[in-house]
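The structure appears right after this line, and notes come after that.
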Amino acid sequence: MREIVHLQTGQCGNQIGAAFWQTISGEHGLDSNGVYNGTSELQLERMSVYFNERSGNKYVPRAVLVDLEPGTMDAVRAGPFGQLFRPDNFVFGQSGAGNNWAKGHYTEGAELVDQVLDVVRREAEGCDCLQGFQITHSLGGGTGAGMGTLLISKIREEFPDRMMATFSVVPSPKVSDTVVEPYNATLSVHQLVENSDETFCIDNEALYDICMRTLKLSNPSYGDLNYLVSAVMSGVTTCLRFPGQLNSDLRKLAVNMVPFPRLHFFMVGFAPLTSRGAHSFRAVSVPELTQQMFDPKNMMAASDFRNGRYLTCSAIFRGRVAMKEVEDQMRNVQNKNSSYFVEWIPNNIQTALCAIPPRGLTMSSTFIGNSTSIQELFKRVGEQFTAMFRRKAFLHWYTGEGMDEMEFTEAESNMNDLVSEYQQYQDAGIDEEEEEYEEELPEGEE
């Protein structure tokens, strides 16, 4: 079976990760100790993608939990699903990274990284045919951002031909918990552009908006936000966990979604959105799902796709859905919103179906879009970065850990390049492409 090893780093990564494991354990009929008491054969069929089978019908997640301070880990261990994880897979330091990317990437994190890699290696060896890794982390902090990206590059070195998917929580414009977020995020994006194969961008502010606007929660907790993220993660990984007809692994997803290797930052959405307690009180139909799924208010990254164009996108429908109806709806969406799709990639929407809906719903859909409007997100971080970096504010925290200003300049220009690449493909039309191509031919020296 095509296994995936899951890593969660830092406070944010561990909390999202814990919510994710809680969600998929439920979908696979496992209780909080990992004992199977489900009802359907389908739950067992591809269980091994995320779980190792132990004796006595008990399943253990292929998860590695990493943090530079023990606090969050203890919380996970004491939480409802704390007994699920293998105790040796908790790897933590004592000092904390203090929201400092350099500590996570170069000093504190670098000391812990070998220990983590040992655990990763052990998990990888227990796999039949490892398909890749997924990592949950935030880009604004120290451990998730600094050490998370360090782990990604180390794993890249050791498993160069395996997929690397990241679920990255990007700093949001209004909700910020540390002043150095723009630094940490820019340095992380600089790493992700080079080392990750697919990055699902999640944004706290967009999640707050969804909670307040759509779910009508007056003051959402992180628990509510993580619940939304875990719904999307569960949706994105559906095809990997249940027998489906399309898009059954990370590599296929990447091949269909990434037209140019650097442009692998996706926005995600989920429908139907229901708050944690109130599972849908009405029947959902495919047209409704499709409409809600393509609604800008449903995107979990704070960038509006109406300001850009989709290079590619993928929709995953779950539940008892008629294939024909889905195809009609998707064609419909593409015809109505044709201006939001680039015309030089024909058929750039693809759909996947899975017969098993999430718990408590009859059907649901998950949306993954590679839109050029994601550049808004990088632009925003870039502006904040520049404002601080011009004055060299807070820089001593980083140089004190042995970093060089040069690295900041590099990261900044790499991110600016990324933004202009997105812009270039947003503006490109069919006819221009051909003209450019003809102009470039005579030189042929590259």
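Glycine is treated like the rest: Cβ placed from N, Cα and C.
Pulled from Swiss-Prot:
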BINDING   Gln11, Glu69, Ser138, Gly142, Thr143, Gly144, Asn204, Asn226  GTP binding site
BINDING   Glu69  Mg(2+) binding site
REGION    421-446  region 'Disordered'
COMPBIAS  429-446  compositional bias 'Acidic residues'
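Considering only the binding-site residues Gln11, Ser138, Thr143, the Cβ with the fewest other Cβ atoms within 10 Å is that of Gln11. Least packed by the Cβ count within 10 Å, out of the binding-site residues Asn204, Asn226, is Asn226. Each of the binding-site residues Gly142, Gly144 was ranked by the number of other C-beta atoms within 10 Å, and first place falls to Gly144. Cβ-based neighbour count (10 Å, all protein chains) for Glu69 (GTP binding site) stands at 19.
When secondary structure is read from DSSP and collapsed to three states, Glu69 (GTP binding site) falls in the coil class. Among the record's GTP binders, Gln11, Glu69, Ser138, Gly142, Thr143, Gly144, Asn204, Asn226, no two C-alpha atoms are more than 23 Å apart, and one pair sits at exactly that spread. For the recorded site, Ser138 (GTP binding site), the DSSP three-state label reads strand.
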